[in-house]
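What TrEMBL lists as active site, proton donor/acceptor is 337. As annotated by TrEMBL, active site, nucleophile applies to 354. The feature compositional bias 'Low complexity' is assigned by TrEMBL to 36-76. Feature annotation from TrEMBL assigns domain 'L,D-TPase catalytic' to 267-379. What TrEMBL records for 36-97 is region 'Disordered'. According to TrEMBL, the signal peptide annotation covers 1-32.
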């Protein structure tokens with residue numbers, strides 16, 4: 001059959017628009033690929049009403065999920081379609097202990113803030129939608145079995161105190177007057193997420209206590225300024241193990257060790273998923289190194305050899321409407337860019353496929369030096 005020239009032109013025009021939409025999106029639709037970084041599991045709770053992976057069920061005070069009845073031999077097409085919809089475990093309007101447990105789990109992952117109410121209202125819907133979006137699930141705002149499974153994989157069952165807003169400080173591990181390498185580790189971790197500034201000293205003084213209080217207050221932990229087991233677990237879940245350089249205020253010297261061979265010629269932004277790091281390399285010599293994080297399970301960061309397609313100093317995602325300053329796009333809508341969320345939450349969060357950087361001064365330097373066409377290597 002002969003193809004009409006007008007049909008061919010129209011197909012090309014539509015394909016061109018689709019490609020342009022992908023490029024302009026910014027951390028947009030991501031094809032199937034390797035699993036990216038995900039939220040880190042928070043500390044285990046000491047008292048659990050159910051097992052960590054128990055499915056929420058009906059209680060006398062809340063509406064439970066309906067149990068499907070046996071299917072008739074003959075069923076209309078509309079009924080058959082309805083039966084394929086995932087059963088909801090919790091949804092807007094529900095109340096009770098199961099909702100309280102849900103809210104605590106969402107709060108552990110920074111998808112809910114404020115008091116635990118036990119009422120599935122707008123703020124809970126928003127938190128569930130946010131979590132679903134990060135996990136690559138359909139953003140319904142209701143909890144089905146898949147959403148619950150993904151949530152319980154990353155959290156522990158709540159305690160009675162947590163579900164009823166009772167804050168009890170634990171025994172202090174570190175407090176004012178403590179000193180040594182563990183305090184250096186604490187200070188370096190607080191510094192990673194903006195709760196400590198200045199030199200790491202190894203001495204737990206007022207500045208360290210102030211940073212700990214700020215961190216605790218943001219996470220519904222009793223604000224004591226002392227580090228108990230809960231505080232330490234939440235902090236380590238959000239940060240990476242500090243290097244000796246970080247703990248002793250030394251400027252790290254970028255090394256070739258661990259770099260992919262593709263990075264050792266020309267100008268290359270070398271991004272390692274195994275070390276969560278980005279190294280800027282020119283003619284085989286590392287120039288800069290910075291921490292990075294990657295896409296979530298449903299929106300993984302692509303791996304391979306790419307190049308900088310364009311640079312945008314002030315960009316906002318056209319899909320997710322999140323700010324992406326100092327963006328360097330390397331694969332469609334995926335870019336290296338600064339993330340205030342990464343700076344605030346560390347590895348407790350993930351991106352929609354982009355490579356997030358939290359060190360703004362370092363990224364500004366890289367943005368100024370890197371050129372369109374420079375290599376971008378993403379590998380494990």
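Cβ atoms here come from the backbone N, Cα and C positions, even for glycine.
Around the residue listed as 'active site, proton donor/acceptor', the same-chain residues at least 6 positions away in sequence with a Cβ under 8 Å from its Cβ are 315, 324, 325, 326, 327, 328, 354, 355, 356, 357, 363. All chains included, 32 other C-beta atoms sit within 10 angstroms of the C-beta of the residue listed as 'active site, nucleophile'. Within the domain 'L,D-TPase catalytic' (267-379), the DSSP-based counts of helix, strand and coil residues read 19 helix, 50 strand, 44 coil.
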